[in-house]
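These notes concern the structure reproduced below.
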């Protein structure tokens, strides 16, 4: 009877023990987030916060206070140099002179002069002025002559229209000097008219193409032909011949003395004595006869 009562209890004990082990091995469920109500929760009244304690001071030298950097505007660069080719192309009727500037490379020299703050004045013949030249004149010039022709139209100084009135002739050009029929140019004014004389042609200023404080370009009605191209330079004056020493002239030398060789006696004193003594004797004889 006791065995029958103990068996069910033992069976129930083992069943509960097995169920407890199964529950211990199963994963725990994640907790559910708390549900939020639609109405905002009321916040408790804010309490004044206590002032924050200052950070501990570190003994170090204070950093220098730098003044604010103000970016200064860059200094303006030099104004652009005038482009002679563009100026002449814009003026028109200068295509022949533009070609001469390019084939002789004188445009580079002009740019270099302007870049070095040099002032120049240019006389530019029109295309019609080149057509009025004798046929073949321009083509007959060598490359050096063409370069000299271009330089002959450039003055190494600035001339305004009013400054032509005080020009000192002959005026020097970039081609060279003005002496010995080289590259002389004379400038004359008559009111507002300006005339240019080269010894070969007489030209006149017809208009002002461009002018500023450094460069002046004027158009002329004729090509300025240098005198050196057509007239040979004067030959150099012959050097004076050295003076020849004069030969000794015994008759003109007052200091010359006739030297009698030693051992010889001059006959002049004896001849003089032979003439004086008889004459005196004859004179006294005549006087004696006359007195007696």
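Including glycine, each Cβ sits where the backbone N, Cα and C put it.
Of all ranges given (6-32, 33-59), TrEMBL attaches the label region 'Disordered' to 33-59. Check TrEMBL against the ranges 217-237, 238-258 and you find region 'Disordered' recorded for 238-258. Note on the domain 'FAS1' (81-224): its mean pLDDT in the predicted model is 92.
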